[in-house]
Amino acid sequence: MLKNSGSKHSNSKESHSNSSSGIFQNLKRLANSNATNSNTGSPTYASQQQHSPVGNEVSTSPASSSSFRKLNAPSRSTSTEARPLNKKSTLNTQNLSQYMNGKLSGDVPVSSQHARSHSMQSKYSYSKRNSSQASNKLTRQHTGQSHSASSLLSQGSLTNLSKFTTPDGKIYLEMPSDPYEVEVLFEDIMYKRNIFQSLSEDKQEALMGYSIEKKWLIVKQDLQNELKKMRANTTSSSTASRTSMASDHHPILTANSSLSSPKSVLMTSASSPTSTVYSNSLNHSTTLSSVGTSTSKGKKLVSGSLKKQPSLNNIYRGGAENNTSASTLPGDRTNRPPIHYVQRILADKLTSDEMKDLWVTLRTEQLDWVDAFIDHQGHIAMANVLMNSIYKTAPRENLTKELLEKENSFFKCFRVLSMLSQGLYEFSTHRLMTDTVAEGLFSTKLATRKMATEIFVCMLEKKNKSRFEAVLTSLDKKFRIGQNLHMIQNFKKMPQYFSHLTLESHLKIIQAWLFAVEQTLDGRGKMGSLVGASDEFKNGGGENAILEYCQWTMVFINHLCSCSDNINQRMLLRTKLENCGILRIMNKIKLLDYDKVIDQIELYDNNKLDDFNVKLEANNKAFNVDLHDPLSLLKNLWDICKGTENEKLLVSLVQHLFLSSSKLIEENQNSSKLTKQLKLMDSLVTNVSVASTSDEETNMNMAIQRLYDAMQTDEVARRAILESRALTKKLEEIQAERDSLSEKLSKAEHGLVGQLEDELHERDRILAKNQRVMQQLEAELEELKKKHLLEKHQQEVELRKMLTILNSRPEESFNKNEGTRGMNSSLNSSEKANIQKVLQDGLSRAKKDYKDDSKKFGMTLQPNKRLKMLRMQMENIENEARQLEMTNFAEFEKDRLEPPIHIKKPKVKKMKNKDRKPLVKPQEADVNKLNDLRRALAEIQMESNDISKFNVEERVNELFNEKKSLALKRLKELETKYKGFGIDFNVDEIMDSPKKNTGDVETEEDANYASLDPKTYQKKLDEINRITDQLLDIQTQTEHEIQVEEDGESDLSSSSSDDESEEIYQDASPTQELRSEHSELSSGSGPGSFLDALSQKYGTGQNVTASAAFGENNNGSGIGPLHSKVEKTFMNRLRKSTVSSAPYLEELTQKVNKVEPYEQNEDEGLDKKSLPENSTASAASAFDKAEKDMRQHVENGKQGRVVNHEEDKTADFSAVSKLNNTDGAEDLSTQSSVLSSQPPPPPPPPPPVPAKLFGESLEKEKKSEDDTVKQETTGDSPAPPPPPPPPPPPPMALFGKPKGETPPPPPLPSVLSSSTDGVIPPAPPMMPASQIKSAVTSPLLPQSPSLFEKYPRPHKKLKQLHWEKLDCTDNSIWGTGKAEKFADDLYEKGVLADLEKAFAAREIKSLASKRKEDLQKITFLSRDISQQFGINLHMYSSLSVADLVKKILNCDRDFLQTPSVVEFLSKSEIIEVSVNLARNYAPYSTDWEGVRNLEDAKPPEKDPNDLQRADQIYLQLMVNLESYWGSRMRALTVVTSYEREYNELLAKLRKVDKAVSALQESDNLRNVFNVILAVGNFMNDTSKQAQGFKLSTLQRLTFIKDTTNSMTFLNYVEKIVRLNYPSFNDFLSELEPVLDVVKVSIEQLVNDCKDFSQSIVNVERSVEIGNLSDSSKFHPLDKVLIKTLPVLPEARKKGDLLEDEVKLTIMEFESLMHTYGEDSGDKFAKISFFKKFADFINEYKKAQAQNLAAEEEERLYIKHKKIVEEQQKRAQEKEKQKENSNSPSSEGNEEDEAEDRRAVMDKLLEQLKNAGPAKSDPSSARKRALVRKKYLSEKDNAPQLLNDLDTEEGSILYSPEAMDPTADTVIHAESPTPLATRGVMNTSEDLPSPSKTSALEDQEEISDRARMLLKELRGSDTPVKQNSILDEHLEKLRARKERSIGEASTGNRLSFK
């Protein structure tokens, strides 16, 4: 309600009592009428109640005029019906008295001033009151409510529920079968929920685009919610109705209250302590209820009656017809109606929970609920409560916590309402609301003050005069301090602020507000903490709450001071605020150091200065002074100062200014100095005049200091310039971004989504490709990991092998006492221990590394077979060693012997060769005994070797080596002692005896082998010692000689031992040959070498090639037989032993061939040459000899296995063992074949053809062509020279152009004109131009002075008529020459004049004149460049230079869309300005650097218009903008072409990807290749067989042909695949993408992609740090950055995408190349990769087509052959039958006749099928076409031609060569079917006679049938004539009857013999 609404329209002057009594009477009547008419309503309402799904629980009413658009408004009620109260009237005394006294007449509606504006849209529209009742009783009627209101139980929901209600009252929510019903229900919900009203059209379309199922789900959920709420409210309906009836009859006012004046109605009087409030619900049907409140003085407060809206309340009450009290409310708080809260507020009984519920309800409920709350004036009720309880009360009352909470809760509701337009309207309409909010500005609670400030900010958000006035009035209102509880509390707590005031003093709201703000800031603690802070600060939320409050306060101040349009009002407000201390408050706010608040303070200052400036300008305008006119300014100043003391000062000031300026002007100094001086003076005057202080001297000093600070250094100026440039660039970027966004916005509905989807698809494709590449790389990484682990396995194998080799070698030692040393082949104990330790450490380290790598890689590999065997073998050896440790060697260890020495067999050998002394007989037994002992020692050594083979532990080696060395030492001593006695120590004798008794020896060895007790060996050693003592005496005589020989041998042994040590350290795995050599050279003993060989063969798994072959120092006496015997014995022992043999031994014995030993003579030869004086030299020579022998054996094919040093390190033993003689040879041949099978390098290009070969002819041809050109060009010349006598007319082809088409050419060079010799003969003299023209010009133009001179001529050139000219007109229709007469006649009639206008050619005179004027201008460009400008810019020829330059600089759309122009202006030869051109154009050029406007540019020294057009364009663009023109055009080129180039490159990449994917996924292609490989390996020899082939092999498949040269190898492959594996042929369709990518060069594609990305990067760098970064150098009109910057991010994005994609593509491509065995590093291989596949596919298809054609021909041939053979067979059978039949009957003849007819029919059909004309070549087809044409043209002469032909024997074949005697052979040669007979060509005379026709009736029937069948078989195009066919058939039948029955027919027939 508006303020003072009751006073201005009150016409009654009744007393207060009368008014009061009248109100009560009306209220009683209204209550009675409500009680009686509560259930009455319109018929529509009643009917709707009947159809309600729940009876009468929910009442609905028809929609009003503003209701939902889909519902029809009910008809207006008649005058006799009861009308509701007007919504816009207030329930005051005047309105009630009008109802009582019947002052409302007829249909005149009642309105009040305080009604809402009609412009405000409300959810509820009510009909105006129009009552014509005779009585004064008030009736109530339900009015139509808005169906668009989003109430919880609206009419729409109830109507929708009724659709799903069954007759029995149950509700079944099932989806309707009609989708339209679901659409309607969904749309109703959207409107009911107010969703469509708050969404844009596109979002509405998106909602309506939901599927039917989704829409029904939403509808069903809404209906279920409505049903749930309806059922919850049904239970309280009866109680609600009863309590409603009770409340209607309850007396509203129980105490008398007087109304002093109508001002008390619905408003609060500011002067009286008693407040009377009336709350009007503004609804149709009203019910009054009031709550009286008494003040502290005992006065009763009259509360206005409150109207009631039954329909709305009933909706929210679940169907109750009347309102209920709080006690009868249901428990569900969400369904409380607005009237409930209003009643509770009026009764001041609203609890804190209900306040919170009200606040939540206002925020969360639909708008109709809030509208209903506002319509019930709940906000006014809350304002009244606050006014009565806090803001206008007695001083003795205290401000309790409940009151503060109530105030805070009410202000929360106020803030929610202020967010709505209805709430803002109510706040601005009722002064009570603004007063209440203003009172809350200085509340003691910070949150309340903040909310009050926010409410005022919402009111002043938009410039609204009424709201501004309402706020301003409330702020300017005065109040008494003692009436406001907040001020009373502040007065008591902070008396220092109120020292000059009392409780009776009055303050303005604005003062109290600013006081509250300041004391809030003063309550802030130290350094923003709670130390020293006030209670309000501590309880108000801390620092953040203070900051937000200050921010809202400053926002409110700025809104308040800038809301008014009146500058005086704004300045007055600021002045008042500053007087109240706002500046002091701002200073305190600045201490908070909050940016947002400081910004608001700066905004306040800026607005203040702006208003001040406007005010000054307005004051100056009052003096009629033009501030922009200096004369007016000086005149006014002079008028003011004239006649005063200021006159001299003003004159002095002007004089000084003039003198200082004129001095600089006279000195002709630079204008910049004058600018600086004027700037200095202006700055000084500005700072002095604007300063606000009163001290003039201070102002001057400050002004000067400020000026100096601003201009103190050049650095500041430069920085300012740079900042300006940066800001300018940023502005351009922002503008460009704005344009780009606007363009995107314009495209939002036209493809932007599609573009984004395409980009998303591109990224998805790149991601998929990246995933594929990652998978490939992961697979490669897994393979590398496996290889690494396998290498670890191999390393372990090598270490174990070396450790086994080292452990298996016997230990050698020295005998220092006797001074002899054995030849040492192995290391001493310490070195061996060190090596073993190193190997064991390496083995453990390898195991650890393998475990670590396996753990790191997350994968484990099973060891290979060899490693498993080695591990198992070493474990077995360790187990054997443990068993040996348990053996008792105590007796043997007590006699510790010296380290053993090797037996020197070479000495024995030498002794054998010398002359030996005969042995003494008694000594023979000793010798035999010694031999037996040696055999026993050999067995002992064998057993010891067997043990050492499996000995790994060092301790076990030492035990057995000591025993073995002791025996060997004793044996060596014996040999040494008896060496001089001539004893024969030949090993042959020793080895023969074991051969004889092999079985016995083996038995003994088996017995000895079973025992390892050292006592047995000790007994044998004792016997040896005894024999040795006997033989020592005999040895003395040869001791000296033996000593000398021992010294030589020891030297050799030591040297070889040293060499052996070095070799072992250098190479841990020597070759097998070197091992055997080491054993033979170092040990020198048979058993020792055998131990080494045995250890190497069975201990390490290797085969010894020649264990005893290299006997450099001996011939292996006793070793050969002993070797085989011991090996056999050892193998027997090994089989019987518990230690299982290695599984690979059998494999080795199967794969490794046995090595034949060297022959005896070779060994003897070696022995004879052994042991020279120099032992080292002899050893070296022995090695050389061994190597030579090995090579010789390999060459002779005797050596089975040769392994070099490198192969032993790397090759696998099984693989090496396969190399025999044949394999070696095949391997060599394979290698050579592989080398030869590689594709040869491409042949070099053929040399260029020598120029001398064709030089003269080419030169002559060129000269002749030039001559022709000269003739053509000279033919166009307008003024030829007078001609000589004319030669014969030249060919017409030499002269082509008419006169005037081209400008006159330059004269032809003499060289060309004189070159007439050569290919063409000398030409005649040149023809006159007139005759040359006559070849092509119109006959209207004269060809010679004598011809066509009488024809009329046109005044201007016309379009030419091109015709074929007839030169010779004699004896033709043109000879009369009548055309000239017709021309004269037409000319006289004006027809030719009209023709001249109609066919006028385009005028070129203007262009010629322009060109002539242009030629007069200056040009510096070359002719070529000028012509290029004219050609490339021809589309802009109509534009002037300035317009063209402007178009180019502005980057117009048509310019950017012309790629040719952009490309031309980007050419390097165009944009590069040479030094000479720059110097020439310097006077015409303009410097645009730093120029922002065209007017500011310095004009050039010379006028550029003096230059030609091309020069002007070149000057304006390339010269003036040379500093950045190149970069500019590059940027524009990228911007205009990047999308096209990106799409082209992307398309090529897509093709490559498809091809790569096809090749990767095509298993059929791989299968075809495997078929080719299989067939090729079958055809090739073993040396040329391969595991795969390169792609270049595919090209050679067509080179190989079969024996008949009819089919290639590829044809056979295709046939094999098609017949046996037909599915493999699918690779032809799978590899279709490969054919599309053949023409794409991979290298070029990669380079193009790199160039594309690099060009974009270059442009970005140019914009960032390059030539385009400084926009001050640009032309003022240049908009290159605006066009470039928006596009660069998108271009860079595409460049990055393309770069990533090409990288992935190339990775996949190179991986594919590796897959097919190609080298990715070979450029030629990359280029030809896809081409090889494409060629193969094409050749394969061609081969397939050839095969199919050949098979089809073969099939047809076989078919025809079968048919003919069957016919021949039947004919032969018939002949036999006829021959057998002697007397055929007539019936039989008839049957034979029928059979003959059928046979003739069959043969005839066969002949007709095969007798077709053969296909001829196209040349014969052309000949036939020509002949056919000639034949048609001369059809009349055809019969004569046919009659003239001379035919032979009635031939039925028509041929032009019929008269040729050789034609018969030609015909027979060319015809596929031999001719049977030759008859005469049929004519009309040759037809059979009628008598013959009757006789041959059957034959004619057969021929007709044959002819019809022939047409069906061959179609209508078969060139067969009916007569010839008929004659042929008749002749055959005649011949058949004449011949005998048994003869065969002579028709056309194929025969196969």
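One is the number of the first residue shown, and numbering goes on along the chain from there.
Cβ atoms here come from the backbone N, Cα and C positions, even for glycine.
Residues Ser1344, Ser1855, Ser1871 are shown; Swiss-Prot lists phosphoserine for one of them, Ser1344. Swiss-Prot lists region 'Disordered' at one of the ranges 740-764, 890-914, 940-964, 990-1014, namely 990-1014. In summary, of the candidate residues Ser20, Ser89, Ser1085, Ser1236, the record from Swiss-Prot lists phosphoserine for Ser1085, whereas the others have no such entry there.
In summary, of the candidate residues Thr1873, Thr1918, the record from Swiss-Prot lists phosphothreonine for Thr1918, whereas the others have no such entry there. Per Swiss-Prot, the listed range annotated as region 'Disordered' is 263-282 (candidates: 263-282, 843-862, 1363-1382, 1583-1602). Feature annotation from Swiss-Prot across Ser111, Ser325, Ser1257 places phosphoserine at Ser325. Summarising model confidence by region, the domain 'GBD/FH3' (174-696) averages a pLDDT of 75. Residue counts for the compositional bias 'Basic and acidic residues' (1768-1779) under DSSP, helix first, then strand, then coil, are 12 helix, 0 strand, 0 coil.
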